[in-house]
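**Student:** Take this structure first; my questions come after.
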Amino acid sequence: MSVRRSFNCGRLARQLGLLRPGFCGNTVSLARYNSSDSKKADESYTHFGFKHVPEDEKEYMVKNVFSSVAKKYDQMNDAMSLGIHRLWKNQFVSALNPGNSTTPMKILDVAGGTGDIAFRLLDHATQRNGDYSSKVIVADINPDMLAVGKRRAKKTPYLESGRVDFIEQNAEVLDKIPDHSIDIFTIAFGIRNCTHIDKVLEQAYRVLKPGGVFSCLEFSKVYPPLLAEVYRQYSFKFLPLLGTVIAGDSESYQYLVESIERFPDADTFASMIERAGFTLAGDRGYECLTFGVAAIHTGVKL
Amino acid sequence: MNVIIHIVILAKKPNYPGHVPLSPLQRIFLVAGSAIMGLKAPWRGDMISILGDSSGQPFFLRRLLKQMLSDETGRQILMEKPRITSASLNLPFLRTLPLNTLGRIYVDWIDREHVSPDTRSPTRYVDDPEEAYVMQRYRECHDFYHALCHMPTNIEGELAIKWLEFVNMGLPVGALSALFGPFRLNCNQAALFRKIYIPWAVRNGLVAKTLINVYWEKELTRDINEVRQKIRIEAAPPLH
């Protein structure tokens, strides 16, 4: 019986061309950053976790992070949140109550690569509301995440019955989705990775039908200050190490925890949703989960 | 409470490129995590290297460093800090050497087992730069032990070398692999391992020169039996 030796996931990822710009000294991308030719006078910068990167690079860098994490995405989510992410996603879907309508719904799940939300939406519609015709379109910018989703979809009845579709789309563009065609727009743990959150909200507004619902599940700010500090220490000191042990990749998880830290708090995000034209649901437009570790923001297009 | 948080969780600044400082709690987590993952998924070579990195402190690597400093060749290695890569060894040249030389046997072994000296990940979790080099050298020399003792890279071969390394150099990663690794062997393999390979590894580990003090790059053109005699090590009995 032979054992594959010296299998180093990080090194293998680099050899396969899954570049990790800025982290492991990938020479191509470092050259792009260091070369003075690439710095145009009017080039704007944005944040990639705690790093400052040119705007047009961020999308590419985020794509690489998710290609890196795709295979172990579900196991890592379970390990990092101790399984609590499942409760959040269940809550997210039940609050939306999909399929509760006389006409079949068309739901768009953006950045939904591995299908967690899509399958829950369809299960809820089918089992709770007896709806066998509502469809979910899963859109994701990353083909590796979509591949994981398609593989998981084969174990559900939805792929065969054509109730789930997987398309490669950029959340800021959504060129394959016509205006006013979607009943529910969902985005779970995806929006903080987008370069221009306001553009994603604009697109959401465009594709939704009048009366359509926008709902976003995302990490938020933990509110009791002591708990916030404990959470912060946990995120920064342990999650990258957990990434090393489970997925052989600490840098991607370092990016993920930094991007959580960077994302605006619930009230700020709620006002961004309002600025895009939505009417916020409830008092404040959001509901906090697990002391603010996550939050569900909901808006309606009136 | 604040003091406790500071001692237990806060980490220090990096001491060399690639260094990731760890707090005691992080270190314990990484040792446990990489040990468990290494046992569950033995093909994850990165887990064994991380186990080595994180478990070497504070005592074991320092002891090994002292052993290097008290040996003339060891001191030379520490001064020159050679790295073992396919470029530094010049593999094409090794392939032209006579069949009985260490260099030729090493490169044939590498080709046969489909491994490469370039896949060793750099040391990250050792705080002192000198100790970090010792850890790096420890990892990079591993393939030479295989070639010298004629051990393949299957589980039994790896475990036998781990036993040898542990008895000879005393690093915890060797002990952990040696003690828990055999649980992955089936009954027949385990019996054979216990009967033949553990005694071989212990006998040779105790008698041999401290392996980290061997300047492998300078022994490549020598006849392998001469090298074995110089280091006081025997080739292992064949596995089957």
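Counting starts with 1 at the first residue shown.
For all residues, glycine too, the Cβ spot is worked out from N, Cα and C.
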**Student:** Determine which of A:Thr102, A:Thr103, A:Thr114, A:Thr244 appears in TrEMBL for the same S-adenosyl-L-methionine site as A:Asp140, A:Asn170, A:Ala171.
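**Tutor:** TrEMBL lists A:Asp140, A:Asn170, A:Ala171 binding S-adenosyl-L-methionine, and from A:Thr102, A:Thr103, A:Thr114, A:Thr244 it also lists A:Thr114.
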**Student:** I need the most crowded of these binding-site residues: A:Thr114, A:Asn170. Count other C-beta atoms within 10 angstroms of each C-beta and give me the top one.
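**Tutor:** The residue with the densest Cβ neighbourhood is A:Thr114.
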**Student:** Including all protein chains displayed, how many Cβ atoms other than that of A:Ala171 (S-adenosyl-L-methionine binding site) lie within 10 Å of its Cβ?
**Tutor:** 24
**Student:** Note down the number of other Cβ atoms within 10 Å of the Cβ of A:Asp140 (S-adenosyl-L-methionine binding site), including every protein chain shown.
**Tutor:** 26
